[in-house]
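Undergrad: Dropping the structure in here first, questions after.
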Amino acid sequence: MMKQCARRQMTEPVFRVAVLLALCSLSIGVDVHQAQKTPSISSAALQRHKRDWKWDKLYAYEETRPKNPPEKIGKLENTFFSSSTRYILKGDGAKDKFGVTDNGDIVVLAKLDRETQSVYNLSASLLNIHTGELVDKDESFVIVVLDINDNIPVFDSDQSGSISESSRAGTTIMKVKATDADDSSTENGRIDFKLLNGTDLFKIKPNGDLIALKSDLDREKQSQYLIAVQAKDMPEHLTGNSATTVVTINIKDINDNIATFKKERYQFTVKEDLKPGSEIGLLEVEDKDEIQNKDPTFALQSKFNDVFDIKRTKEKDGMLSLKVPLDYEKEKTHKFIVIVEEHTVSRTPDNKGLLKRTEVIIDVTDVDEPPIFNQTEYTFSVFEGPFKNPVIGAVSAKDPDSASYKIRYTIEDANCPVDVDPVNGYLSLKRTLDREQESLYTFQVTAHEDVLNGLKSSTMVSLKVLDINDNAPELTNGSYVYVCENDKPNTIIGTIGASDKDENSGRFRFTLARKSSNFSLYDNQDNTATIVLKQGGFSTENSEEYVLEIEIADGGTPEQKSVNLLQIKVCTCQSGRRVEYCMSYARTGMSVSALLAILLCIITILVIVILIVLRRRYQKEVLVTKASGEIHEQLVRYDEEGGGEMDTNGYDVSILSSACHDSSFRPSVGPALYAMVKKPPACKGDMAMMIEVKKDEADRDRDGIPYDTLHIYGYEGTESLAGSLSSLDSSSSGSNLDYDFIHEWGPRFRTLAQLYGVDGSDSDSSY
């Protein structure tokens, strides 16, 4: 049987530690008890009783350095223990922190830390050293680590609190928190708090509650307190560990101060053209409370409430603004009193009796202002149609400045139907208005000072065109009137209506302008009329066209009438007058507008023809009356041997030059187209003969230039609007021109001199 002994070290207060140590030293042998189970021998058999293990907790102090030999804390005993067996420990800290000797003593091998691990669970077993088998089964036990005061108190990271100013005495501000890693069930882990300063305003309870002692905390005097707090373990003992921290106490603001003005007088300068709604200046106020607790209100003297306004800014100051325009000519200075009040103060204000009123002075400066109309907008109305008096109204503006310049009025829109008198502003119509085309005109009238670089302003004018009964009614729904072949007399074949472009037209009256033998019309007295068939027997094979002349009167003042033609078709219908086929009529008539267009085209064509004839006559007269010196001749001659590249690209030279060999291509001899000119006197041969010879040579020479390159313009006829291009008046006789100076030009111009020389002969030749 196994016995066990253990050193018992119970957790007691510190002042009993010495007694326990003495008792433990004496109990090494005394506390060791043996639990032997002696077997009883009977005659029948030898029986073994069941073993009963009884284990107590084993105790060991933390932070004890290992000793040599190791410190013994208990002993294992077993009846099966012998020299061939040994004890083995298993579990937490076995072999590194705890061990067992050969005789069963449990020893501490390393320094223990209760804050790391306070309880170790182990088991003991007895092993046969030869076979390696267990002699007895394992039994468990516990080793408890005893605490010593080896840790100091630790404060939480956030040690701050707040209290509203003027709070009652005894109000809890916050709870100071600190922890000690030592055993809290002993004096080692219990903490006591103490204030090191500020004891006249605050106190702290043992549990850490921080309490205010006074009710006159004022944030405006001091908004924050820094209090040193000490935390110490081992209460009621001089010894022990302690720590110190600083606790921040913030005084929260309440609205216990009223807003007051910083100055007794505020003065601003404002131009008279400042627009309403604009800011004038800031009325600064002073309030020691925080901005969220400021709640000032501003009040002006009653007669200035319509001119000025004060609004509170984000900073809780007063912003003075303008409500209506100022006028320097009426009042140059404005003086008034502004009062600031605060009705949400939580208690009697600390700053009562300070400045709550201030005087505001506003000096208005003069500026050159544009003309001002006596109305912001003008509205006039006029009846459409012809008018007797063109004046529809007037606009008026004046110069508000002391200079009081004259005002002139203009309308810049050229399409405006209204004109304005530049001096007195009378508005008059420029043309007749038609409400059906446009019922409302809106335009701008400008007034400007009658000086150089004068200012100007504008106003909007609306002209409403009133209606008169000037439009005749028109027929509607006429396309839905038809007669069926199988219609019987007194059948309603359709209903017509009327419309009028005028406003508020009265009831329309319908009558037949010309009686009809086939149809009748009944006025329904509701702006409609019914067409009724008098007799039947209509057929689509009959080409006769049926037209009703219907007179419609609108009943207005003056009454307008119109005669409308209603064409009635003859149709083949199914049951219920459902149209299957309608006979169409060829319309031979023509509208008045088409006739006018055709007539206008005819007149235009006649005018163009007359102008062309007159111009041609004028050209003929000018051509006949030209002087002989104004007609010149241009002689184009080619000296080179054949035409150039540009001449030969456009035609076939062989075809042109072969004209003399084919008599069919020779031009027929016709009447002379050129006027007769004088034969040059200096020429010794007949000019006509010489030209014929040259022409014949050119026709026979295939390598030469075409025969038609010799251009002689004598007279181009009378049909050209540009007149004659001739450089010589070939038809004139008795020329007085002298060409003897050509002989002086040299031998190159000898032939030309011969052509235009004078030989005394007056005979003429034609060419």
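For all residues, glycine too, the Cβ spot is worked out from N, Cα and C.
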Undergrad: Where Swiss-Prot shows ASN149, ASN151, ASP180, ASP182 binding Ca(2+) 3, which of ASP96, ASP102, ASP233 is named for the same site?
TA: ASP233
Undergrad: If Swiss-Prot says GLU115, ASP147, ILE148, ASP150, ASP182 bind Ca(2+) 2, which of GLU62, GLU71, GLU236, GLU264 does it name for the same site?
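TA: Among GLU62, GLU71, GLU236, GLU264, only GLU62 appears alongside GLU115, ASP147, ILE148, ASP150, ASP182 as Ca(2+) 2-binding in Swiss-Prot.
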Undergrad: If you count the C-beta atoms lying within 10 Å of each candidate's C-beta, which of the glycosylation sites ASN197, ASN374, ASN477, ASN518 ends up with the smallest number?
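TA: Sparsest of the glycosylation sites ASN197, ASN374, ASN477, ASN518 by Cβ contacts within 10 Å: ASN374.
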Undergrad: Within 10 Å of the Cβ of ASN121 (N-linked glycosylation site), how many other Cβ atoms can be counted across all chains shown?
TA: 12
Undergrad: Looking only at the topological domain 'Cytoplasmic' (615-767), report the model's average pLDDT.
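TA: Taking every residue of the topological domain 'Cytoplasmic' (615-767) together, the mean pLDDT is 57.
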Undergrad: CA-CA, which of the glycosylation sites ASN121, ASN374, ASN477, ASN518 lies nearest ASN197 (N-linked glycosylation site)?
TA: ASN121
Undergrad: For ASN121 (N-linked glycosylation site), which of the three DSSP-derived states applies: helix, strand, or coil?
TA: strand
Undergrad: Could you give the number of helix, strand and coil residues in the domain 'Cadherin 4' (374-475) as assigned by DSSP?
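TA: Going by DSSP assignments, the domain 'Cadherin 4' (374-475) contains 0 helix, 49 strand, 53 coil.
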Undergrad: According to DSSP, which kind of secondary structure is ASN518 (N-linked glycosylation site) found in, if we only use helix, strand and coil?
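TA: For ASN518 (N-linked glycosylation site) - judged by DSSP and reduced to three states - the answer is coil.
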